[in-house]
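Going by Swiss-Prot, these are the annotated features:
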- Lys12, Leu13, Ser14, Gly15, Gly55, Arg59, Tyr166, Asp169: ATP binding site (BINDING)
- Gly54, Asp72, Thr133, Gly134, Asn135, Pro136, Tyr137, Phe138, Ser139, Thr140: UMP binding site (BINDING)
- 20-25: region 'Involved in allosteric activation by GTP' (REGION)
Amino acid sequence: MGTCKYKRVMLKLSGEALAGENGFGIDFNIAMNIAKAVKELVDMGIEVGAVVGGGNIWRGRSGEGMDRTTADYMGMLATSINALALQDSLESLGVDTRVQTAIEMKEIAEPYIRRRAMRHLEKGRVVIFGAGTGNPYFSTDTAAALRAAEIEADVILLAKKVDGVYDKDPHKYDDAKKYDELSYIEVLEQGLQVMDSTATSLCMDNNIPILVFALDNPENIKKVVLGENIGTIVSKK
């Protein structure tokens, strides 16, 4: 087994990652495979925080004519559903897991309290952050960057459908070029599809590296933590 590059990580999953080929809802086989990969990190002594998107349940911008604020709050509820699903999968494997939400839902989750989240991580518990930042107009990418800064994560592990960052869509263009490493400024100036600009800027300001990799094989989560070069790293360079 290789040496762990990171002590504390923030795993960012899209909601679609939980949906699998269905594209909608939650595929519990996939949730379980992700949970098994996260358990491996915990067993290696790595502290894991996670943020899950909500696009498998609700895509706010697809709500044509709907008030943006209302749509965003619906998205926050969707992320909380996903957080509970992932918590259930992890706990079925014996991994102590806490869900903390930015909007209070005391019957099902803890409210987000930074000091409590840090304490959970130090005790080896996985902490899943739900409901985004609790504010409309901010994406779950931004929530992941914000929580990563707050819990002092060493890196954001950004799980995607593609195996890194390309200069154009590799699904549409055969000549798409993959980057092994990029700076935050290059991502922002070239408008590359990593995180949205708010999240990228937050990572840049707080010097949090972003490691982009494909989740087609959940084992990749462990591989990137052990330093295998299978994705794209975004950092100060």
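Note that Cβ sites are derived from N, Cα and C of the backbone, with glycine treated the same way.
Everything Swiss-Prot records as a feature, shown here on the structure.
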residue: Leu13; record: ATP binding site; Cβ contacts under 8 Å, 6 or more apart: Ile34, Ala50, Val51, Val52, Gly53, Leu86, Ala159, Leu215
residue: Ser14; record: ATP binding site; Cβ contacts under 8 Å, 6 or more apart: Val52, Gly53, Gly55, Asn56, Ala159, Lys160, Lys161
residue: Gly15; record: ATP binding site; Cβ contacts under 8 Å, 6 or more apart: Val52, Gly53, Gly54, Gly55, Asn56, Ile57, Ala78, Thr79, Asn82
residue: Arg59; record: ATP binding site; Cβ contacts under 8 Å, 6 or more apart: Gly75
residue: Thr133; record: UMP binding site; Cβ contacts under 8 Å, 6 or more apart: Ala102, Thr142, Ala143, Leu146
residue: Asn135; record: UMP binding site; Cβ contacts under 8 Å, 6 or more apart: Ala102
residue: Tyr137; record: UMP binding site; Cβ contacts under 8 Å, 6 or more apart: Arg68, Thr69, Asp72
residue: Ser139; record: UMP binding site; Cβ contacts under 8 Å, 6 or more apart: Gly132, Met195, Asp196, Thr198, Ala199
residue: Asp169; record: ATP binding site; Cβ contacts under 8 Å, 6 or more apart: Ala176, Gln193
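Among the residues Lys12, Leu13, Ser14, Gly15, Gly55, Arg59, Tyr166, Asp169 said to bind ATP, no two Cα atoms are farther apart than 24 Å.
In sequence order, Ala176, Lys177, Lys178, Tyr179, Leu192 make up the list of same-chain residues 6 or more apart from Tyr166 (ATP binding site) whose Cβ falls under 8 Å from its Cβ.
The average pLDDT computed for the region 'Involved in allosteric activation by GTP' (20-25) is 87.
Between the listed binding-site residues, namely Gly54, Gly55, the fewest other CB atoms within 10 angstroms of a CB are found at Gly55.
Annotation for Lys12 (ATP binding site): spatial neighbours Ala50, Val51, Gly53, Thr140, Asp141, Ala144, Ile156, Leu157, Leu158, Ala159, criterion Cβ-Cβ under 8 Å with sequence separation of six or more. Annotated UMP site Gly54, Asp72, Thr133, Gly134, Asn135, Pro136, Tyr137, Phe138, Ser139, Thr140; additional same-chain residues within 8 Å of its Cβ mean position, judged by their own Cβ, are Gly75, Met76, Gly132, Thr142, Ala143.
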